[in-house]
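Asks: From Swiss-Prot, here are the annotated features:
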BINDING   THR14, ARG56, HIS57, THR89, ALA90, THR193  phosphate binding site
SITE      SER174  site 'Important for substrate specificity'
BINDING   MET192, ASP216, TYR217, ASP218  substrate binding site
SITE      VAL229  site 'Important for substrate specificity'
Amino acid sequence: MANVKVKIGIIGGTGVDNPNIMTDRQEKFVDTPFGKPSEPLITGNIQGVECVLIARHGRKHTVMPTDINYRANVWALKEEGCTHIVVTTACGSLTEAYRPGEIVFPDQIIDRTTKRPSTFYDGQTNSPVGVCHIPMHDPYCSVTKQILANEAQKLGIPHHASGVNVVIEGPRFSTRAESRMFRGLGGEIISMTAMPEVALANEAGLCYAAIAMVTDYDCWRDDHAPVTVESVIATFKVNVANAIKILIAAIPEIAAKDWTEIINERKSQVKPPILDSTWVMFIREYRKIGSDDASKLM
């Protein structure tokens, strides 16, 4: 069996959604069964590896976490032929050990979101058929995550190779009571966009990993000033340069690996398998006209 050709989707947060990190850039307007992605795709190359970039919040950071079209973003990357999704995200720290300015490569999630469609299989006319009970015991791809951590180590960037990511609805920050509750649940960092993004990537059979940039201590500490947007942005700007360094160094390492077995295993966990837009259109018309006339669509 031929090796799987690696193509990497990048979902960038503020500062890491700059298309200048790519060569041979082209803007591509796409639509999906779930609507349009946050922004047009940017296709191109990083270190000779084909990549596709999406600005998660829009290039002007105008889309709040709840309103991001996560399904369209992930679906668009799947249809572009991506095998991996590597994302960047800001996060707060829920432990003294993870300090502002450091990088975390999370391996687990506690989902506290409440308002977001979290599956492609929602029973609507534009969705794949059936119900997908995707395994989520290890939501992040451990192999991709380790490559990112290895490159951070080589670059001498302070980082943590694992972390439990608590994902809140936002856009507000936590109360002190909530922050302490999240610590009690085992959370180590807190962010707003990993869910349903990682679940959808798993439904799409893609390897998903994150570069989480610690911008602040969340408000669980009595002796620390409350979180403010200004303090978060100031630290985040310092983190961005390190995140880009890791991304650029890791992408050729990801591409050099034979992912055939891992990708096939991920695809085998998706039951029923995810379908492309052509098949979704077929299903939509099939439902309209009924099985007796389905041959007309062949």
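Note that Cβ sites are derived from N, Cα and C of the backbone, with glycine treated the same way.
Owing to the predicted nature of the structure, the values given are computational and were not obtained by experimental measurement.
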Asks: What is the separation, in Å, between the Cα atoms of ASP218 (substrate binding site) and THR89 (phosphate binding site)?
Replies: 15
Asks: In the structure shown, with every protein chain counted, which of the binding-site residues ARG56, HIS57 has the densest set of Cβ atoms within 10 angstroms of its Cβ?
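Replies: Going through ARG56, HIS57 one by one, the largest Cβ count within 10 Å is at ARG56.
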Asks: Can you tell which of the recorded positions SER174, MET192, ASP216, TYR217, VAL229 lies nearest to HIS57 (phosphate binding site) in space, using Cα positions?
Replies: MET192
Asks: Roughly how wide, in whole Å, is the group MET192, ASP216, TYR217, ASP218 that binds substrate, by largest Cα to Cα distance?
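Replies: Looking at MET192, ASP216, TYR217, ASP218 as a set, their Cα atoms extend up to 15 Å apart.
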Asks: Please identify, from the recorded positions SER174, THR193, the residue with the sparsest Cβ neighbourhood, meaning fewest other Cβ atoms within 10 angstroms.
Replies: SER174
Asks: Out of SER174, MET192, ASP216, TYR217, VAL229, point to the one nearest THR89 (phosphate binding site) in space (Cα versus Cα); all of them are recorded positions in the record.
Replies: MET192
Asks: Please name which of the recorded positions listed here, ARG56, ALA90, SER174, VAL229, is nearest in space to MET192 (substrate binding site), Cα against Cα.
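Replies: Nearest in space to MET192 (substrate binding site), counting only the recorded positions, is ALA90.
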